Amino acid sequence: MSVVGIDLGFQSCYVAVARAGGIETIANEYSDRCTPACISFGPKNRSIGAAAKSQVISNAKNTVQGFKRFHGRAFSDPFVEAEKSNLAYDIVQLPTGLTGIKVKYMEEERNFTTEQVTAMLLSKLKETAESVLKKPVVDCVVSVPCFYTDAERRSVMDATQIAGLNCLRLMNETTAVALAYGIYKQDLPALEEKPRNVVFVDMGHSSYQVSVCAFNRGKLKVLATAFDTTLGGRKFDEVLVNHFCEEFGKKYKLDIKSKIRALLRLSQECEKLKKLMSANASDLPLSIECFMNDVDVSGTMNRGKFLEMCDDLLARVEPPLRSVLEQAKLRKEDIYAVEIVGGATRIPAVKEKISKFFGKELSTTLNADEAVTRGCALQCAILSPAFKVREFSITDVVPYSISLRWNSPAEEGSSDCEVFTKNHSAPFSKVLTFYRKEPFTLEAYYSSPQDLPYPDPAIAQFLVQKVTPQSDGSSSKVKVKVRVNVHGIFSVSSASLVEVLKFEENEEPMETDQNAKEEEKMQVDQEEPHAEEQQQQTPAENKAESEEMETSQAASKDKKMDQPPQAKKAKVKTSTVDLPIENQLLWQIDREMLNLYIENEGKMIMQDKLKKERNDAKNAVEEYVYEMRDKLSGEYEKFVSEDDRNSFTLKLEDTENWLYEDGEDQPKQVYVDKLAELKNLGQPIKMRFQESEERPKLFEELGKQIQQYMKVISSFKNKEDQYDHLDAADMLKVEKSTNEAMEWMNNKLNLQNKQSLTVDPVVKAKEIEAKIKELMSVCGPIISKPKPKVEPPKEEQKNAEQNGPVDGQGDSPGPQAAEQGTDTAVPSDSDKKLPEMDID
């Protein structure tokens with residue numbers, strides 16, 4: 001089973017796998033561990049990753065990048081509206097209202113959903129992993145920003161399904177970093193000791209995330225998270241782009257923003273300049289040849305001036321740091337270390353701001369680029385039964401408070417309740433109790449829209465169906481289980497109706513006197529049982545933490561509810577009936593459409609494969625033309641007649657011209673047939689050359705074998721001691737085989753020496769190899785027969801002398817022993833061992 005972690009970044013992606021030796025980040029076909037999050041659409045196929053990145057300028061309108069933040073967002077979303085101006089490609093409103101990406105693919109206009117585009121990238125990463133692992137990749141853990149909402153998370157989950165992946169967990173990026181940090185630490189405090197608090201700062205290309213985590217041995221608990229969803233490396237790039245657009249506009253009278261290709265070129269150069277300034281404080285040049293209208297442009301920038309222009313961005317670094325400490329109720333002195341990851345944390349001013357806030361040196365023990373994917377791979381290994389991993393419990397948090405709202409006819413309106421507070425432990429389940437006579441709807445939403453980086457606070461609506469009153473007409477007790485799962489997605493996972501079957505001793509039904517009051521109320525399980533359980537959990541139990549949280553929470557609630565005071569105990573028999581739930585999720589893709597996307601992705605993968613095979617076949621023809629043309633005037637020259645060489649050379653030239661004219665775009669089979677046609681002419685020449693290279697070596701080896709056996713025959717005839725044990729009849733066989741081999745070799749050598757090199761050889765290398773094997777199989781076993789061993793003479797008296805006294809020493813045997821003689825001697829070894837042989 002494969003164990004894969006995927007860091008799905010805004011600008012670039014990484015894939016890591018768990019192997020016997022640990023976690024390894026995989027390199028792609030370009031030997032680069034970083035794969036650009038980029039897809040380019042062409043008339044025949046798609047290019048994904050590094051191949052697509054090279055087409056960003058040449059195929060700007062059909063090359064898609066920066067699409068990660070469109071997940072689960074409507075076309076009318078303010079964020080999408082703001083992003084439009086930064087995109088070289090077109091985005092459109094889909095029939096569902098979501099954001100679509102418009103490109104020209106296979107010579108026709110196509111609209112793709114964000115899920116489809118992300119699935120294309122995931123398919124490429126999957127292919128990269130499979131090429132290294134040499135086996136199928138299905139199970140994986142994928143990273144998402146910690147600030148993603150339900151709709152965005154479900155959108156990414158749909159993308160993994162379209163790509164044919166089974167996502168075991170959507171893991172928050174900061175949590176993945178914390179896992180990569182903590183699982184290898186050997187000096188963490190014990191479970192009963194005060195935890196070690198570590199802050200993780202992740203500033204990538206598009207966003208800025210901070211989390212504070214508490215570590216104990218074998219345990220990681222996220223305490224709080226904070227973020228700035230738009231502060232990242234690209235904001236610093238934009239500062240440079242805007243500066244040079246203004247400067248070049250004045251200096252060269254160019255309107256750069258009117259030409260998307262010019263703007264893309266400038267953006268690429270500014271990103272390079274930004275990275276250079278991180279390591280160099282002096283003035284650095286920026287030069288672009290033939291930038292616009294055949295005009296060469298140039299400018300300079302230094303770190304000091306750049307930081308002045310970025311003052312407003314740098315001011316946004318501190319608030320999330322302060323927020324995360326306030327949420328976790330920690331002081332700066334409580335922080336053990338501050339670990340930084342992400343490409344933008346390499347900017348010296350950013351590091352300085354973070355270090356100054358905490359008043360301590362920053363820690364850089366993790367790989368800034370690969371920490372997230374390594375954490376995801378570790379989580380996948382923990383979840384996989386195929387790997388034995390050190391026990392490590394992971395408790396994440398709910399980033400936003402979640403509430404439920406339901407209709408309350410008795411109160412002529414609606415009621416609501418906050419079921420998960422901000423920074424509540426996750427994964428987690430709660431059981432809510434309602435009293436209802438008919439089906440009802442629960443509406444889930446985020447309680448604090450002002451904290452949400454998303455325009456719509458709604459999560460979903462859940463219709464609990466088939467709710468009926470009790471047989472006496474009273475309200476039924478309905479237990480509803482709500483859950484935030486390992487992906488951070490909220491759901492009403494189950495609902496059940498408690499049906500009263502029988503009342504004994506003519507007593508009133510339990511809770512009947514309260515039914516009128518509780519008609520439209522609900523009960524929420526308290527969270528204390530979970531907290532107690534967390535303290536009592538052993539590391540072994542922590543591995544199944546999410547399930548234990550849910551089970552114990554529900555069980556403890558039932559225990560409380562079902563154990564009223566003994567004096568008022570009502571003897572009732574009840575049964576539980578599961579109720580169907582109809583989900584109406586925000587921006588959810590329906591199953592039928594998802595299957596269609598899966599089918600389309602399969603077709604596109606096949607089209608890419610066919611295109612690659614066609615290109616490989618075409619390249620093989622071109623490669624063969626160049627190879628044979630060079631060798632015909634080189635090492636193959638004396639193995640082909642002049643007429644044949646001239647005609648073959650002409651054929652090669654015709655093929656080369658055909659490749660760039662009529663044969664430029666042909667089906668794969670045409671190239672395969674063309675290559676076979678050329679090889680029919682070239683293969684005999686190649687064979688003659690190879691035979692001429694191998695034949696002398698093999699004849700030499702055969703001659704050595706014959707010479708060796710002739711020496712043995714001569715030694716045997718001279719009756720040398722070394723071979724005097726060999727049988728004369730066998731040696732006659734050796735002599736006969738050796739003479740025959742010598743005669744065969746001399747005959748073939750004479751014939752071959754008379755043969756021209758431009759025709760096929762008289763004898764081939766494989767025939768000589770067969771003759772060598774034949775000779776060795778006959779002669780080898782005979783001459784290598786070992787001499788028989790000569791047994792040394794036995795010393796018969798030795799044992800007898802050692803059995804009795806030596807030189808008169810030792811006790812004499814008694815009279816009885818003397819009379820018995822050897823019949824009463826000490827039992828022999830075989831006699832001693834005999835009883836043991838009877839024991840099973």
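Going from the start of the chain as shown, residues are counted 1 onward.
Cβ atoms are placed via backbone N, Cα and C, with glycine included.
As recorded in Swiss-Prot, the features of this protein are as follows:
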type	residues	note
COMPBIAS	514-533	compositional bias 'Basic and acidic residues'
COMPBIAS	788-799	compositional bias 'Basic and acidic residues'
COMPBIAS	829-840	compositional bias 'Basic and acidic residues'
MOD_RES	K53	N6-acetyllysine
MOD_RES	S76	phosphoserine
MOD_RES	Y89	phosphotyrosine
MOD_RES	Y336	phosphotyrosine
MOD_RES	S393	phosphoserine
MOD_RES	S415	phosphoserine
MOD_RES	T538	phosphothreonine
MOD_RES	S546	phosphoserine
MOD_RES	S647	phosphoserine
MOD_RES	Y660	phosphotyrosine
MOD_RES	K679	N6-acetyllysine
MOD_RES	S756	phosphoserine
REGION	506-575	region 'Disordered'
REGION	782-840	region 'Disordered'
Lowest local Cβ density among Y89, Y336, Y660, which the record lists as modified residues, within 10 Å: Y660
Candidates Y89, S415, Y660, S756 (modified residues) - the one closest to S393 (phosphoserine) by CA: S415
Site with most surrounding Cβ atoms, counting all protein chains shown within 10 Å, from the modified residues S393, S415: S393
Modified residues compared (K53, K679) - the one with the fewest other Cβ atoms within 10 Å: K679
Spatial neighbour of K53 (N6-acetyllysine) that is closest, considering only the modified residues S76, Y336, S415, S647 and their CA atoms: S76
Cα separation, Y89 (phosphotyrosine) to S756 (phosphoserine) (Å, whole number): 66
Modified residues near S76 (phosphoserine), in sequence order, restricted to Y89, S415, S647, Y660, K679 and a 10 Å Cα cut-off: none
Closest of Y336, S647, K679 to S415 (phosphoserine), Cα positions, modified residues only: Y336
Which same-chain residues, if any, lie at least 6 apart from S647 (phosphoserine) yet have Cβ under 8 Å of it: none
Per DSSP, three-state class assigned to K679 (N6-acetyllysine): helix
Reduced DSSP assignment, S415 (phosphoserine): strand
Cα within 10 Å of K679 (N6-acetyllysine) - qualifying modified residues among Y89, Y336, Y660: none
Nearest-integer angstrom distance between the alpha carbons (Cα) of Y89 (phosphotyrosine) and Y336 (phosphotyrosine): 46
